[in-house]
């Protein structure tokens, strides 16, 4: 992946840093809140000590009926709450019961967002304790529908909106955010939200959702997370005509105007928050995603979840699947449907891992991987007309017009879908794949569920129960011929929270491909024999915080090895250190 980026940026590497270009940064736990043990008293600071009605309206410190008698006296809460005093556990039980009564996923999403804006710790307690149930609610697939209807369900603003109106003032706009210390920023321009296309300003649901997972799954404190939407307009005619649309009503800005706004944003972020703030690009269209990652990879701590996060989680699944399908990575042939950010990013990381394992040049390992785009198989004769990120995958072959023809010609052992187009893995394609593979690996990665290349039921049925299946969005277990199959979910949430935590605890100032490989290897090692017995190639999300700590430790270790870590001295036990840095949503007692 870095090799592709180096080509775009003219050979410059993320490790070739000029020390003079780096500046101080990073975030301290100013009030000692997370350094304190849970039985120590903390002060609910805002700009002053929060109390009374203000305290009940502050989501960072509000505990609702869980305020003790002593706290009600000392913080002027008498009469503002009913007399009952309840535990956080009882609040959690009540809310989960309420949320489960909703039949429509979007209603559950809105209930969770309302809770986040009312009582932050309780929101994260629910999400952490019920992660497998609530992850599809606060993120894919429900967040896709939420973004489509964001204007209609908009209640209170979340995150920072930076539009063309703010050009020339972005540094001042960043200062309007109430938190001064930021460690992780997730930013989108809304042009390619999941598989749903251009949703403009309404894409804010994605950064908000991603950062919720950074906290719940990776333990990054919510106060150091900043969701950002860059609004340069939208080409979605329906939104432009929608009276409830919340963004700029104009066509998308492109070219120099777009580049100047993004550059001002990137410069302002580094100036405001320092060298060690992680900027995660999210759901940018292909033509901008690769350019931004290449341009800022050598000057900022940047990460693109669609290119790099997806690649890392899929590689982990493929490595884990080898125990079920047999052979080594280089024994297999890979065929992709989709040659955008996700497809080419995954392909490059798989080729890098092959190269690392066999000491074979990257150019050779790429030949094991074939990609199909809207015009058919990517081959050498098409090279001149291909976008730059597709060119490494143009191999010698006769023209093939569609996926079925490519499956018959290439005879892949692994079929991966990242096209964003639903139901493209047809019955004939899966049956053909199964005809020359005892255990074909099928990964239908496009989100949300409606855009998945095939369902779990289709993959298992058409392969006569022989396929190893994973998808981007969740599918229920499926019974075939008396056996229950549990589909795996190649969800980026396995990788990016732990990856981000690893960058934060090491004080990393750049992201390198070897750190992505380290994350994949750590995730693959978390799959147990019990998981394999169910046909799973990913561990259950119920263990996600332990998984994230192991990923963070692996990523941090690689950062120290590469010389991009600044937090010294290096902790003796990185796993324990990662766990000790994780945010706890348990209520604190106020003095």
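Just so you know, glycine gets a Cβ as well, placed from its N, Cα and C.
Between the stretches 1-26, 27-52, TrEMBL puts its region 'Disordered' entry on 1-26.
The domain 'Malic enzyme NAD-binding' (307-560) scores a mean pLDDT of 95 in the predicted structure. Look at the Cβ of each of the binding-site residues 192, 282, 447 and count the other Cβ atoms within 10 Å; the largest number goes with 282. Relative to residue 282 (divalent metal cation binding site), the recorded positions with Cα atoms inside 10 Å are 192, 210, the candidates having been 139, 192, 210, 447, 491. A gap of 11 Å separates the Cα atoms of residue 447 ((S)-malate binding site) and residue 139 (active site, proton donor). When the C-alpha distances from residue 139 (active site, proton donor) to the recorded positions 192, 210, 283, 306, 491 are tabulated, the minimum falls on 210. The residues near the divalent metal cation site, meaning same-chain residues not in 282, 283, 306 whose C-beta sits within 8 angstroms of the mean position of the site's C-beta atoms, are 188, 192, 193, 206, 281, 284, 289, 304, 305, 341, in sequence order.
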